[in-house]
Structure formats: structure tokens, C-alpha cells
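Trainee: The domain 'Lactate/malate dehydrogenase N-terminal' annotation in TrEMBL covers 25-167. Sequence annotations record features per position, and here TrEMBL assigns NAD(+) binding site to Gly30, Ala31, Ser32, Gly33, Gly34, Ile35, Gly36, Asp56, Asn116, Ile139, Ala140, Asn141, Met250. What TrEMBL records for Arg103, Arg109, Asn141, Arg175 is substrate binding site. If you look up TrEMBL, you'll see 169-333 marked as domain 'Lactate/malate dehydrogenase C-terminal'. Taken from TrEMBL, the feature active site, proton acceptor covers His199.
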Amino acid sequence: MFSRAVRPTVGLARSLSTSSQNHAKVAVLGASGGIGQPLSLLLKNSPLVSQLSLYDIAHTPGVAADLSHIETRAQVSGYIGPDQLGAALKGCEVVVIPAGVPRKPGMTRDDLFNTNATIVANLADACARNCPEAMICIIANPVNSTIPITSEVMKKHGVYNPNRVFGVTTLDIVRANTFVAELKGLDPARVNVPVIGGHAGKTIIPLISQCTPKVEFPSDQLTALTERIQEAGTEVVKAKAGAGSATLSMAYAGARFTFSVLDAMNGKEGVVECAFVRSEETECKYFSTPLLLGKNGIEKNLGLGKLSAFEEKLVADAMGELKASIKKGEDFVAKMK
């Protein structure tokens, strides 16, 4: 089931799996929500996790009790409310944050900003105080702003490490792989499309020209495919007709990214995932590109690679929105008391 959870593209022949030696403590902040519950289930099912710490503002003891009956080795504990947040984070090596409100029909990711910005800032503050060296994986939208928020909060505490703070954009890659496979009649488990840029609308830039295996589309089909990948979240929001946004596919993508981080921490070589991180690759302070992961987080930023003319224009068109979202996140923290 998880054979494609890690999609290494570098040094596959040298891959070294040491998952049996792992004793990772992983926290899920927002564990009772639409993403948090299936994400916690996937993490509980993995041999990479030995302790699973679940936190939310409601229902967490029930979620933890439910998961604790599953016959896998991860020990599950549930924490509820701000008073227990510190205890939930103590000793955690990886923290995954799907907390926040979901997008509803007609809402943009920007509409989510005020509520989710406050939630993420408070959770990042708790991480800085209780597990400053943990890998922080942010799912809460808008990721283009919540990653700058997390980074600025960590800086305020003097514990910011840009190699350990990730905006989880994996769902964009999962969708791109699926849609390309559907169009070409391929096994989606064997398709890998890097997706760079950000994690909203036109900032999502699928690099179809760098797809493995190599695929080609006529320009009109390429444009339609790119737009579908960019607006796939809205596709789910509309299909759910007011009942929420992407939860199950996001939980899968979040688990895939977490497993990649854990594998790399364990010494597995050649683990590559795209994520929205502090970057020098473009004129934006933060940008998603393929990253080689290692024991201490980002080992090497693999950059944009060779872009087609179509992709170069997508990057240029995304810059304004991306810079504005990043500044919005930074300004939010600067104004915090």
C-alpha cells in the first residue's frame, strides 16, 4: 500500500532501508479533523513510527483510543486543548500540522488566512518552545503564507533552521502523477512529475517536461492538464458541495511526505520530495523544488532543472502572487504581540 510513499529519484540503487531501527516520535497537530484523522491512521499503520502524539482542541482522546486498538507497534497518546499542547510536543522528532479550517465553496485560500494564520503561529510557537529541533511539516493552508509565518515565529525564538521547516505540497505531485497516468494509460505508481513554485492556483507549476517516464502533450492538452492540476483542490471543494475540501488525498500525501522525512532521517539514501521551503533558487524567499532529504532535513536543493518555454512563463506569472503571499505571512508575525 505504501510502496510509492517514497519516490526517490537519486541513487536508487544505493538505497538503504533502516526502518526497523527507527523509534520516531511523531506529533499530529489537528489530529481530530478531516485530514488529521486519516493521516493519523496512515501514520499508525507505519513501522517507521514508534510513538504517535495526537493533539487537537476537541475529540482527541477518542481518536487516540480508537487508533490505539490497531495491531501495530506505534504507541498512541491523545492531548486536548492549549494546556496539553506542550506535553504533546515533548520529545517529538517530526511534527505534522494539518490544523486549521478547510476551504468551502467560493472561498479562496486567501480567505482562510486570518483564522489559519493565528492557529499556525500559535502551534509554531509551541514547537519552538518544546521541540525546537523537530522536522516541522505544515499542511495548513495557505501554505504560501503559513511557511513564512512558521519561519518567522521560529526566528523570534532563535531556533529557526530552514532545513527543517517544510510546506507540504505533495498533494500537487500526487495529483499530477495521477492525471498524467490517466491521460497516457500509465501505472500512476510509476509516474513522477515534479511540481515547483507554491501551493495555490497559478503558483502550482507542474513540470511535465521533466516527467518520468517522458511524456508529451499537444499544447492545448498541456494547458488544460496544467490548469486541472492547479485547480484540483477547487474540483474537490465543488464535488463535496459544501461538505469540505480535500481530506483523504491530502492525508495520503501528508503521510507520503512524512514517511520520506522519516526514511531520510533513518539514513535511507536518495529520498527526494518537493516541498515549499526557504530557497535561493529564484527571486522568491520561499519556493518549492525537488529536495534531497537527509538525516538533518534538507540535504540539497535540487533546483528547478531545465524548464520548457511554457514552464518558464508559468514561473514568471507566479512570482507576483507568491511574493505577496510570503510578505503577508511575514507581516502577520511582525504585527503579533
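Each residue, glycine too, has its Cβ placed from N, Cα and C.
Looking at the shown structure, what environment does each listed feature sit in?
Mentor: Counting residues per DSSP class in helix, strand and coil order gives 65 helix, 30 strand, 48 coil for the domain 'Lactate/malate dehydrogenase N-terminal' (25-167).
Every protein chain shown contributes to the tally, and the Cβ of Gly36 (NAD(+) binding site) ends up with 27 other Cβ atoms within 10 Å.
Around the Cβ of Asn141 (substrate binding site), the number of neighbouring Cβ atoms within 10 Å comes to 25.
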Trainee: Spatially speaking, which of the recorded positions Ser32, Asn116, His199, Met250 is closest to Arg175 (substrate binding site)? Use C-alpha to C-alpha, please.
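Mentor: Closest by Cα: Met250.
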Trainee: Taking every residue in the domain 'Lactate/malate dehydrogenase N-terminal' (25-167), what is their average pLDDT?
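Mentor: Taking every residue of the domain 'Lactate/malate dehydrogenase N-terminal' (25-167) together, the mean pLDDT is 95.
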Trainee: Do any residues at least six apart in sequence from Ala140 (NAD(+) binding site), in the same chain, have a Cβ closer than 8 Å to its Cβ, and if so which, in order?
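Mentor: Gly30, Ile97, Pro98, Ala99, Gly100, Asn116, Ile119, Val120, Thr146 - these are the non-local Cβ neighbours of Ala140 (NAD(+) binding site), listed in sequence order.
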Trainee: Cα of Met250 (NAD(+) binding site) to Cα of Asn141 (substrate binding site): how many Å, rounded?
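Mentor: Computed Cα spacing between Met250 (NAD(+) binding site) and Asn141 (substrate binding site) is 12 Å.
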Trainee: Name the residue among the binding-site residues Gly30, Gly34 whose Cβ has the smallest number of other Cβ atoms within 10 Å.
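Mentor: Least crowded of the binding-site residues Gly30, Gly34, by Cβ count within 10 Å, is Gly34.
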Trainee: If one looks at the chain holding His199 (active site, proton acceptor), which residues at least 6 apart in sequence have a CB under 8 angstroms from its CB?
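Mentor: Result: Asn141, Pro142, Val143, Asn144, Gly167, Thr169, Asp172, Phe276, Ser288.
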